[in-house]
Every structure is written in structure tokens, then in C-alpha cells.
Amino acid sequence: MLRTALRGAPRLLSRVQPRAPCLRRLWGRGARPEVAGRRRAWAWGWRRSSSEQGPGPAAALGRVEAAHYQLVYTCKVCGTRSSKRISKLAYHQGVVIVTCPGCQNHHIIADNLGWFSDLNGKRNIEEILTARGEQVHRVAGEGALELVLEAAGAPTSTAAPEAGEDEGPPSPGKTEPS
């Protein structure tokens, strides 16, 4: 009785489509159980086709590409530091506008479609800030730490330095010739 019920299963499965797009891709490319030789292992067909090496969806499953950037910025209007998740596609080919949570101002991050004429042909925040003489710091990785020295210059002291006091230990970021 079980054999009779399972005989019609491949026919039923050929008509069923999963709802999720990623499963549809797997389903459409040979992930159905094999019927050749009346093999009795339904799950084995899935396991066999999903572990095959080579081109196709099974090989592409292990490759993960981030589709978003994590943008961290400080608003120059109110000084609020915030973080936004933006699409890579929009950053490189579209328009990205973020809203500051502190003052509710809108900030243009990227304009690849030419919507804003006051940017003078600049396409993204990197080009805009470079034209102003400012820097954009890119940090790669999830556990990355970024330290930026904002005020470059010698520290000023209220007391007059005594003999030999102006030569202190070297700063951690500077190197001295030996």
C-alpha cells in the first residue's frame, strides 16, 4: 500500500512549486527525487543533488555576497552619530538619501541618476567629501575598529616646559628614525 502511494509522488512533486524564490531555484534544477531504477530513497535524491560539486545552485549556496553597506556618519547639523544599512545597488547605480534621527534632516549619500543639480556631477558621498577636502573612512569587516585623530597638532600646555621636558616618550602612532 505504501508503494502504491509513493508511486504517484514524483508526479505530484513535479507540479508543486515552493513559495520562497531561493527554494524555487533549487527545486527547478534537479533537486527532485530521482525515480530512475525505482530507487527507494526519496531523501537520498535530495542529498545527492544538493552535495554535488560544480556549477549550479548547489555550488553557489556557499558563496555569500553582502548586498548592503553599513553607513556610519555624524550629522554636521546636530552632531548626532547614527548608523544606516544601505543597498549596494542603490549606492552605485541609484539614489541614497538618509534621514538624521536627531534633527530629521535629509542627507544625500549617493546620486547616480542626476536628481540633484547642486552636486556638480559628483555621484556619491566619497566624491562630495573629497571635493571639500574631507576624508571618508572605509572599514572592512564586522569586528573592525576605527580610530581617527580629529585634532592633529602638538598639545598646548599652560605651564612653560622645563629643560628636557619637551622631549617625552614617542606617540604610539609615530615612528622615530633610529
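Note that Cβ sites are derived from N, Cα and C of the backbone, with glycine treated the same way.
Swiss-Prot annotations:
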- Cys75, Cys78, Cys100, Cys103: Zn(2+) binding site (BINDING)
- 151-178: region 'Disordered' (REGION)
- 1-49: transit peptide (TRANSIT)
- 64-161: zinc finger (ZN_FING)
Worksheet item: What is the one among the binding-site residues Cys75, Cys78, Cys100, Cys103 whose Cβ has the most other Cβ atoms less than or equal to 10 Å away?
Response: Cys100
Worksheet entry | Taken over the zinc finger (64-161), the model's mean pLDDT | 79
Response to the item:
Reduced DSSP state (H/G/I helix, E/B strand, rest coil) at Cys75 (Zn(2+) binding site) is coil
Worksheet item: If you take the centroid of the Cβ atoms of Cys75, Cys78, Cys100, Cys103, the listed Zn(2+) site, which other residues of that chain have their Cβ within 8 Å of it?
Response: Lys76, Val77, Gly79, Thr80, Pro101, Gly102, Gln104, Asn105
